[in-house]
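Shown next, in structure tokens, is the structure this report addresses.
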Amino acid sequence: MSHTNVTIFHPAVFVLPGIPGLEAYHIWLSIPLCLIYITAVLGNSILIVVIVMERNLHVPMYFFLSMLAVMDILLSTTTVPKALAIFWLQAHNIAFDACVTQGFFVHMMFVGESAILLAMAFDRFVAICAPLRYTTVLTWPVVGRIALAVITRSFCIIFPVIFLLKRLPFCLTNIVPHSYCEHIGVARLACADITVNIWYGFSVPIVMVILDVILIAVSYSLILRAVFRLPSQDARHKALSTCGSHLCVILMFYVPSFFTLLTHHFGRNIPQHVHILLANLYVAVPPMLNPIVYGVKTKQIREGVAHRFFDIKTWCCTSPLGS
């Protein structure tokens with residue numbers, strides 16, 4: 001009677017080459033990527049500080065916006081610093097567990113942002129379609145439960161990815177053709193059947209995100225129906241203006257994500273470096289643009305930022321250090 005011992009081999013490190021085919025341009029690509037990342041972190045940090053400090057912004061809509069800002073910082077910080085280390089310092093190696101952790105947070109932030117956008121759509125639906133019931137429907141306990149549901153759902157959907165990767169033996173190559181780790185890209189290096197990884201990696205998160213998109217579309221169809229029933233044009237314009245920034249953020253999040261998904265599946269003739277370059281831009285550009293969009297289109301945010309900077313200027317002028 002023979003016994004077969006199957007050993008699951010995990011490499012000590014994976015190698016991230018950056019953007020294959022564009023190695024000669026890494027240093028030039030790093031400059032706009034670094035500027036985008038700095039702008040994203042500063043913009044979202046300012047947004048969070050303003051929402052926390054300004055009492056008139058202590059409402060559910062801006063609470064969800066602050067959650068989105070935190071997710072944006074985490075998403076870009078999970079990926080961009082490592083990419084810059086590859087471009088600048090040739091730091092191509094990443095430990096196996098660190099690679100799995102990075103992939104987990106990348107996917108969790110993506111699913112989490114989708115859920116937050118759904119929560120913000122629900123907030124706008126209640127505010128416009130049932131304004132008299134807004135304060136009774138979206139109480140702070142309810143908002144807290146929604147926030148907890150967003151985090152719990154994101155964690156539970158992506159957590160199995162850790163075990164799906166750790167169960168695989170990697171005995172072929174340890175070179176991940178990317179600048180950061182993501183589930184399917186790492187799973188394809190395994191010398192075993194990855195059917196479960198492919199089905200789970202694509203179907204479960206995508207189904208949840210598509211469900212979010214459908215619910216957001218239903219919310220905004222009901223919002224538009226309610227808006228066009230308003231008696232005056234000024235009332236319609238005011239109602240729509242409260243949704244403008246949210247709609248911009250929704251488009252910036254979902255359009256690139258579905259474009260990337262479709263090109264991965266059907267764009268067989270698109271060079272690999274184009275896919276990876278778009279993936280790097282996707283985790284950096286929307287987080288940079290979100291606070292700018294809300295700052296430009298939302299009067300309360302603009303006034304809050306101006307108020308905070310005025311306070312800083314006043315403190316600098318009256319402080320002994322500034323005199």
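Any Cβ shown, glycine's included, is placed from N, Cα and C.
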One side of the membrane in Swiss-Prot: P20 and F228: no
The transmembrane segment (142-162) vs the transmembrane segment (28-48): 3 or more CB pairs under 8 Å: no
Per DSSP, three-state class assigned to C99 (disulfide bond): helix
Secondary structure of C191 (disulfide bond) (DSSP, helix/strand/coil): coil
Densest Cβ neighbourhood among C99, C191 (disulfide-bonded residues), 10 Å radius: C99
The transmembrane segment (28-48) in contact with the transmembrane segment (199-219), cutoff 8 A, at least 3 CB pairs, sep 6+: no
Chain residues in Cβ proximity to the topological domain 'Extracellular' (163-198) (below 8 Å; excluding those fewer than six residues from its ends, i.e. six or more beyond): 6-11, 13-20, 78-79, 82-83, 86, 94, 99-100, 102-103, 106-107, 272, 276, 279-280, 283
